[in-house]
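Data block below; observations after.
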Ligand SMILES: Nc1nc2c(ncn2[C@@H]2O[C@H](COP(=O)(O)OP(=O)(O)OP(=O)(O)O)[C@@H](O)[C@H]2O)c(=O)[nH]1
C-alpha cells in the first residue's frame, strides 16, 4: 500500500511539471466554475452511483470510500451482483454510495439481463455518477456503459489503477481524448488502493451533493442486512479460492441466519449457507481434495464474519448443483436478484 502511495504521488508531480498542458492544469480547467466548498454548518446528503465495466475496481473503490468491506472484490469479472448502499458520513456531509455490477454486454442470460437492469436503475436517480475506467484505457465495453448515461447528472471520470500506469506522460493526451467523448464534470486520475486519493475524492464529490438533512445515522455503514453480508462474504471466499476455474454463475444462498443466546459470548450467530453451482464438476472443484478447499472457504468466511459482526459465528457451508439456474428467470429471482 505504501509503495502505491508513493508511486501515485511521484506520478502526479511528474505530470504537473510539464508546462501549461500538464495534468494539473487540465484538471483545473475541467472543474466547473460554480462548484464551491459547502457551508460548514449545513448538512449535505446525496446518492452517488459507482458505474463501469467489469473488473475496473468499482467494489475496491466503494469499500475504500465506506472504510469497510461492504462490497466483495476479486480478480474475477462480475463479482458484484447487487445494488449495494454504502454510507460514509464525514463532517457535515453524508455520502450514500451505490455499487453496481459491471455492465455486461457479451452474454444475454437471464442473470445478465437482471444485472444490466440493476445498473440502469442505479444511475437514473442519483446526484452524481462516478464512471470508473482503467487509467489510459477506453474500450468498446466502456463506451457502451457511457452511452447509458442520461444527460444532466454530473459525471466524474474516475481513471482508476493509476499505480499500474508506468508512462504517466501518456495520461494527459488520453484525458484530452476523454474530454471529447463526454462532458465529464471533472477528471480524477487515482488509485482506489491509495488512501490520499480516496480522501481527495471525498472533497471532490462533496460539492455535488445537495444541502439537505442526512438520511442515515452518522455511524451507519450500509442498509444491507447482516444476512446479505454473510452471503457476500462466503461468495468472495468462494471466488478467491477457486480462481478462474469456477464460472461466475455460481452463487451463495443463506438458508439459516439465527442469533442464539450464549453464556460465553455476547453474540452468537448460527449461519448455514449453500453454494449453488451449475455442474457436478464445479461441485467437486469447490469441495477440493478431501474437502480441503471448502474447509478453507468456510474457515476464512467465518473468521471475517466474526470480525464484521462482532460475534462468535458457527458457519456451515454446503454445495448443491442446480444446472441452468442462470438461464432461468424464476430461479434468478428466487436467488435474490431483481
Ligand atoms: N493495482 C490496482 N489494482 C486495483 C485498483 N483498484 C482495484 N484493483 C484490482 O482490480 C481487481 C478488480 O477489482 P474490483 O473492485 O473487484 O472490480 P469491480 O469493478 O467491482 O468488478 P466487478 O464486480 O466484476 O464489476 C481486483 O483484483 C482489485 O484488487 C487500483 O487502484 N490499483
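Cβ coordinates are placed from backbone N, Cα and C, and glycine is handled just like the others.
Feature annotation from TrEMBL assigns GTP binding site to 52-59, 99-103, 160-163. When Cβ atoms from all protein chains are considered, those within 10 Å of residue 55 (GTP binding site) total 18, not counting its own. Under DSSP, residue 55 (GTP binding site) is assigned to coil, being neither helix nor strand in the three-state scheme.
Taken from TrEMBL, the feature domain 'Era-type G' covers 44-211.
Positions annotated as domain 'KH type-2' by TrEMBL: 242-323.
Under the heading region 'G1', TrEMBL lists 52-59.
Among the features that TrEMBL reports, region 'G2' is placed at 78-82.
The region 'G3' annotation in TrEMBL covers 99-102.
The annotation region 'G4' is assigned in TrEMBL to 160-163.
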Densest Cβ neighbourhood among 52, 58, 162 (binding-site residues), 10 Å radius: 58
Candidates near ligand 1 among the binding-site residues 55, 58, 162, judged by a Cβ under 6 angstroms: 55, 58
